[in-house]
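To start, the structure itself, in structure tokens.
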Amino acid sequence: MVEASVGFQCPDDARRSGGVRQPRTRTGAPLQVGGRPLSQYSAAVILVGIKVVVGLADLVTGGAVQAMLASVNFLVGAGEVWRLVTHAFTSGSLLTLAINALFLFFICRSIEAEIGRWRIIAVYLLSALGSGAVLFALGSPTGVLAGGLTAVLGLLAMNTALKLRRSEDIKPDLVFLAILVVFNLVIGGFSRDVLGVVNQLLGILGGVGFGFAAGWVLGHGPREGRTRRQVLGLSGLAVLALVLVGARLALQLA
């Protein structure tokens, strides 16, 4: 006999019970019963932690880190393609860092139990790539993305898509999305020239569009083969973003 939490079990029953599959949410994240404490490995802590480290390093170096990581179209066109993603971890100022970190933290914490840590991180990076790719493909050579708010918008758009598929009320999400869009325009300099505003809107469009598409992928289809289907779907969206970048590069070389 094997000692159990209450009484004893025979070895065969113990082995069989050990193979019981863990319940999961509709998107495939492990189902948490009764909630869970804030983990040092949660998506909120990982993403905000990286953002804070990068932001503080940028302040210490007088903006050198942001200059190296922000997505600037003519620099991406010159081969610095990492900027298409790394802009998601830049901040600019201490105030912007604090506000973006708070937005990112609370959005991650509100959806992590349903989505799961690695899906949140994947969609955050995909939204960053999508916003950078759309800006690079359609924006001016001077187009710039920094601050990471377009990736945060992608997470919110993903959650909106999941709610829409479940026929839930998305009005609060749309209101919050609109507030973040206005905030993004304001901190990006809404009063500057029209071309700058267009570039900013293109970045927002890319982040929201790719985030919404990612949410559609995560919430679509039956449980069977769910993880494989999600990996393929998100990978397909990443390839689409890279195709946009490749098409713009081809036009530049033509």
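Including glycine, each Cβ sits where the backbone N, Cα and C put it.
Automated prediction, rather than curation, is the source of TrEMBL annotations.
What TrEMBL lists as region 'Disordered' is 1-28. Annotated transmembrane segment per TrEMBL: 44-69, 89-108, 120-138, 144-162, 174-191, 197-219, 231-251, in sequence order. The feature domain 'Peptidase S54 rhomboid' is assigned by TrEMBL to 79-219.
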Given the transmembrane segment (89-108), its same-chain partners at Cβ distance under 8 Å and 6+ residues beyond its ends are 42-44, 47-48, 50-52, 54-56, 58-59, 65-66, 69-70, 120, 146-149, 152, 155-156, 159, 180, 183, 187
Secondary structure split (DSSP) over the domain 'Peptidase S54 rhomboid' (79-219) reads 110 helix, 2 strand, 29 coil
Across the domain 'Peptidase S54 rhomboid' (79-219), the model's average pLDDT, rounded to a whole number, is 90
